[in-house]
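Features as listed in TrEMBL:
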| type | residues | note |
| --- | --- | --- |
| TRANSMEM | 53-75 | transmembrane segment |
| DOMAIN | 82-291 | domain 'Ion transport' |
| TRANSMEM | 135-157 | transmembrane segment |
| TRANSMEM | 193-216 | transmembrane segment |
| TRANSMEM | 264-288 | transmembrane segment |
| TRANSMEM | 402-425 | transmembrane segment |
| DOMAIN | 416-485 | domain 'Ion transport' |
| TRANSMEM | 437-460 | transmembrane segment |
Amino acid sequence: MPYSVSGDSCTVDREPGDEELYIQQAVVFLEDAIKYRSINHRVDAGSLRLYRWYYSGIIQWGLGLTIAVVLLLAFMERPSSFSMSSDPRHRSPAWQPPCGLTESIEMICLIILSVDVAVKSYLIGWEEFRKSKWLIGYTVVISISVIDWVLSVSMVCDEKLRVRRLLRPFFLLQNSSLMKKTLKCIKRTLPEIASVILLLALHLCLFTMIGMLLFAKSEDPKKNGEWELHFRNLPSSLTSLLVLLTTANNPDVMIPAYSLNRGYAIFFVAFSVIGTYCLMNLLTAIIYNQFRGYLLVSHSHMTELFQSLLQGFILTQHAAAAAPSWKCGPCLQLDLLKASNITSCIVPLQVAQQYEDVGFMDREQFTKIFDELDKDCIKEHPPLPQYSSPTLQRLQLIFSHYYLILFGNAVALANVVCICTVLVLNSEKSTEERDNFVLEIINLCFILYYLFEMCVKIFAFGWQGYLSYRNNIFDGFLTVLLLVTKLV
């Protein structure tokens with residue numbers, strides 16, 4: 001529906017039959033908002049009829065039944081586990097379906113699913129199909145299933161492995177918007193969960209090394225009870241503390257050391273308090289809060305956003321066509337974007353303001369602005385300091401590169417490996433037989449590298465830029481702490 005803006009009035013160029021098409025488009029857009037569907041699909045009259053037919057209740061119910069049949073085939077296919085009794089003494093021979101029975105049912109289901117992906121691809125168009133990873137995966141899974149089905153039939157159902165069985169759950173995932181949102185939720189919460197798991201692993205590794213140093217082999221056999229039972233080598237120490245993290249061997253793991261000196265209980269109490277009662281509970285809380293919070297936001301907030309923006313677009317377009325006394329559609333759309341609760345990302349509003357002076361905004365332009373809402377906001381760090389010398393500029397480019405962070409992580413990992421190697425080599429030696437000079441030299445070299453890395457990062461990013469990264473604050477604090485303890 002083309003229209004132009006002049007002052008507070010709109011001139012609309014109407015065509016016969018447009019009103020019915022506009023109503024159909026409005027209905028489909030509102031259904032998309034309610035059902036959490038994308039609005040990026042064909043909107044001509046024929047495509048809209050196919051679209052509404054495809055998403056009708058009977059078609060979607062039939063598609064769900066097809067997916068259920070595909071998943072239930074695993075219980076009927078060879079080797080079948082169907083029997084009257086679960087008791088092996090009274091179990092009758094399992095029914096084995098003839099070759100071709102389950103394969104015929106499966107091929108019918110695959111044909112239906114192929115029609116499903118073809119209709120979806122036609123409705124959204126080639127451009128949107130290339131952007132949809134789910135539909136591309138859907139096509140790949142169906143193709144692999146058909147190829148595997150052909151191989152199975154050619155071998156007269158005597159194949160050793162059916163690859164398509166492993167791929168069948170994908171049909172259920174791609175057909176359910178709730179499943180997709182759940183997987184997306186898991187994907188977005190993995191960084192938060194991984195950080196706590198990494199912290200838990202570092203906690204376990206640190207206390208393992210401390211325990212191997214604390215409960216080392218001594219000259220007196222009577223004092224080696226803790227070393228013999230739980231800290232004889234690295235695998236034994238790691239396993240003992242890992243079990244203690246779940247409190248399964250508490251307090252048995254500390255009884256030999258506690259019998260010698262009550263002060264040893266501080267080590268085990270500190271490990272349990274930090275690991276079991278802090279980090280484990282923190283991991284549980286993060287998983288629950290992140291998962292639940294993202295699901296609530298993705299359902300409630302996005303639903304309201306879909307409905308408000310889509311209704312605003314549709315109503316303002318029709319308002320501009322039906323009532324010249326109304327403020328024009330694009331102006332209302334821009335006001336709607338300004339009034340919406342999306343101020344965390346200012347990009348959509350800036351893009352929308354480009355059309356304020358023009359006076360109109362078509363559906364594709366509005367869709368592009370709408371897509372900006374799904375993008376994450378990027379936190380901007382302070383600008384890098386400016387150096388006049390070409391040599392300093394080149395050094396700044398090198399020291400601010402991402403590869404320096406990767407190299408620093410590799411050095412930290414090498415530090416842990418070196419300490420663990422020395423502890424393993426000295427695990428069978430008593431404290432009097434050990435030579436810690438090599439270990440101290442190794443630690444000093446690593447500390448000097450950490451200090452060098454901290455200094456060059458401050459040079460490259462500047463003091464404010466260095467502190468704007470939380471990992472730099474953590475690394476700098478540990479570096480200073482290690483240097484002070486080494487000097488003391």
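Using the three backbone atoms N, Cα and C, a Cβ is placed for every residue, glycine included.
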Segment-level pLDDT (mean, integer) for the domain 'Ion transport' (416-485)
81
Flag the pair the transmembrane segment (402-425) / the transmembrane segment (135-157) as in contact if three or more Cβ pairs fall under 8 Å (sequence separation 6 or more).
no
Sequence-remote contacts (6 or more beyond its ends) of the transmembrane segment (437-460), Cβ cut-off under 8 Å?
384, 395-396, 399-400, 404, 408, 411, 414-415, 418-419, 422, 466, 472, 475-476, 478-479, 482-483, 486
Surrounding residues of the transmembrane segment (193-216) on its own chain - C-beta under 8 Å, 6+ positions past either end
226-227, 230-231, 234, 237-238, 240-242, 245, 257, 264, 267, 271, 274-275, 279-280, 282-283, 286-287, 290, 416, 419-420, 423, 426-427, 430-431, 434
